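Q: For reference, Swiss-Prot lists these features for the protein:
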type     : residues  : note
COMPBIAS : 951-965   : compositional bias 'Basic residues'
COMPBIAS : 974-993   : compositional bias 'Acidic residues'
COMPBIAS : 1003-1016 : compositional bias 'Acidic residues'
COMPBIAS : 1026-1035 : compositional bias 'Acidic residues'
COMPBIAS : 1080-1091 : compositional bias 'Acidic residues'
MOD_RES  : 2         : N-acetylalanine
REGION   : 919-1091  : region 'Disordered'
REPEAT   : 128-161   : repeat 'TPR 2'
REPEAT   : 197-230   : repeat 'TPR 4'
REPEAT   : 305-338   : repeat 'TPR 6'
REPEAT   : 343-376   : repeat 'TPR 7'
REPEAT   : 377-410   : repeat 'TPR 8'
REPEAT   : 412-443   : repeat 'TPR 9'
REPEAT   : 449-482   : repeat 'TPR 10'
REPEAT   : 558-591   : repeat 'TPR 11'
REPEAT   : 593-625   : repeat 'TPR 12'
REPEAT   : 640-673   : repeat 'TPR 13'
REPEAT   : 674-707   : repeat 'TPR 14'
REPEAT   : 749-782   : repeat 'TPR 16'
């Protein structure tokens, strides 16, 4: 049993104080310590013992008395003990300030601690323990940098000061510098291996933050070896076990948390983890107790944030969104609005705000979550839905598409994407829903009815009725509807019709026969869609049965009443349709759809006043926000303006202006409403503003063409009407024809009537008649078309007879048209129910008389036209015979010219062939001649004496050749004369040719008798000839050169007859050179070659 001894003053006796039996009133001990003037270290020992025993007041009383001014004055020379007492008080108040939850009290405690540390520094400003205390105080106040400076002051003078090392390690840990903190903890342990277990706790926390989980676990286990009741180590190991994500680890983790809670019930971390455990077990009352306790015992921001989060989650799961939101915001506040510290409260708050309709706040918080986890699919899906509700579809699609890319196996993400795409891209929406269905089936999940219904509805809107039917059947499963779909039940025998919609006997009979007529509430919509599909594919009886089945099980299902009313309207049973709509209004007398349909039926029933009141009621039921009701009122005003046959201009203008106002109101609310835009265009067209109306109709047409949900043939018809009013009949016809083909498969008689009117105005009578015949074929009971056909034939006949020039065929056609018109009008006049169709018998008789008159006139015109046609045929026959005779003469003349040309070509070819043969003979003769070298030399020597006479003879021979050439030219000019004369000329030419040939022979003989020297090749070259035996490369390569050689040979033959027989070859060479230099000679040669 530990004791301390207080020495008695002026005596050797001592007062023994047992530390375990300290008095409850510290005043007794203080009296002894003061009376005996006990050493200050005893004061400190006794005060510390009181603190250990939890007697904080006695501890504070003793230390405050030990730091009083009297004590300071009495123990002025005792520095260390006085400093120790002051530092103990500073540490105590630092602890109070750290644990205080109220800011004001916290600040007061820190001020007291600061005062004691400053007083200790005044005693000795270099005391390390004082700086360590100051560092701890600054660390508790959150002044990390100042705390670091305080610890450094100590470590600069005493590097191995363990408290300073531990303080600096704590600072580095709070600064996130876990490696540096770990080194400082290890250094402190090296300096003092026997330090408390808390040092190893710091090492474990550093290693945990650094991701060294195994070494961290070793450190925490060592702490528990040294201190089995260390709560922090138990909590740390419990967290690590829980993070293992397996059943064994989670069980061990919760056991450690429970153990820590039993050791110290005020450990906030243990309380939070226990609360989290009980949240998942559904024990919310324990969650609230534990988190409230944790909040009461901790001031640590992150720990309090976790406590608020647990409390918020508990209220959130119970549906108390107001409290949940409040605690989520408290959790966020404890993290200083930094989502990176603790992001879960942001996600929870976003969910709560979404439930409460605070969409923008929800978006803000989910965006904060994305800052920390940008690839979190749940957050992306939530933001996709939020932006959809805010009307920002582009952003919504962006987030949904990102979610599907990040997790292609998330079926719900594809469902959300499909819901977003329904209004903009049905194909992509259908693909998304199909992908979701595939993923669900692969995952073994049951595909929700809603998904199958959406897939079926999209197929239905795309007119893929078979696929829609399969999906609706899959969504509905087994039921009575299967029997009717497979035609196992005879609908006719069952007695299904719209008329008996109140008769429930059919269903009672089915129940009695063993059939189940149950319709689960979550299948009603799909069953309605199935009935709508059957109605679309003309299985009206089966659809009627489905609607009646829905009403049998759910009498308040208004849409079923409205579809039955639509069926009755299609059968032209307006009273039954009105009765069914009234039944729907009994369920909800302010249903805008029912009121709008009732107004339409009343309008069709020509009950204008009631229709207007009904449309107003539909508009009031939606506070003026229902576009259909406003459009119906606008249509009513338009029809009212057009209804009055007398056309009161003032009333008409009033109704049109009101209609325009209502259409504009709809466009203001929904600027993409094409029906309102179409109505505005109609009003503009009625006012004569055709260009503006045309622009409006064109824009509506383009918008409607880009939508698969919307079919608007009306806008095509209206646009055609505008073209018609502007007189552009070609475009009008094209628009009507396109509308017929695109929307009505060329079977709408009313549009055919519009088309016929256009042809009529364009005076295209035959096209008009064909169009009316098509309309009559489609609706043979419509006598209006027959009357119009008769009028068209009447007009066609009249216009043909009024022509100044017309053929007999046209007149005969006119007679046929007039006869048909008489027949049509006669048939109409014989009908007994003319008044039903709005015809006047007197007016029809007038048409009959007029057509009969046309017929008589047409017959007269026909006879005249036939006579004129006969005369024209006779004139044409005479002209044809004359033309044939002229053609025969022309062909004979062409044949004669052709024969002459052919004969001329043959003669030319024969002449060229003879010249070629002569050339070949001359070549052979020159080759066979043997030249003499001595005679050549003699010729060369005599060249100078014979040059001039030879030149004169050259000129004389040139004139003869010119004369011969002109003779030949005259020969070619006479080719146009008669055949007999041509024969005489040919004989003359043949004689001339023979004469020339004989002269050439004589020249050749004379030349052969003369000796030839070694320069014979040069002579050949001068005459235009070359010896092929001398040099093969010098053979002439063109026909022109050959012809020049022949010409030269002819001239030489003539010259040789006139010259002296002893003339030398040298003179002949000079003469040949003279010919080569004569330009007239060259021209004559060129003319001959051309001919």
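The backbone N, Cα and C atoms fix where each Cβ goes, glycine too.
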Q: Provide the three-state DSSP residue tally for the repeat 'TPR 10' (449-482): helix first, then strand, then coil.
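A: Final tally across the stretch: 28 helix, 0 strand, 6 coil.
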Q: Need one number: mean pLDDT over the repeat 'TPR 14' (674-707).
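A: Mean pLDDT across the repeat 'TPR 14' (674-707) comes out at 90.
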Q: Tally of helix, strand and coil residues over the repeat 'TPR 8' (377-410) according to DSSP?
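A: Per-class counts: 27 helix, 0 strand, 7 coil.
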Q: What residues, ordered by sequence, lie under 8 A Cβ-to-Cβ from residue 2 (N-acetylalanine) and sit at least six positions away in the same chain?
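A: The list for residue 2 (N-acetylalanine) reads 18, 19, 20, given in order along the sequence.
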Q: Specify the secondary structure state of the residue listed as 'N-acetylalanine' as given by DSSP, simplified to three classes.
A: coil
Q: Tally of helix, strand and coil residues over the repeat 'TPR 16' (749-782) according to DSSP?
A: 27 helix, 0 strand, 7 coil
Q: Do any residues, 6 or more residues outside the repeat 'TPR 10' (449-482), come within under 8 Å Cβ-to-Cβ of it, and if so which ones?
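A: Long-range Cβ neighbours of the repeat 'TPR 10' (449-482): 415, 418-419, 422, 426-427, 429-430, 433-434, 436-437, 440, 510, 515-519, 522-523, 525-527, 529-530, 532-533, 536-537, 546, 549, 708-709.
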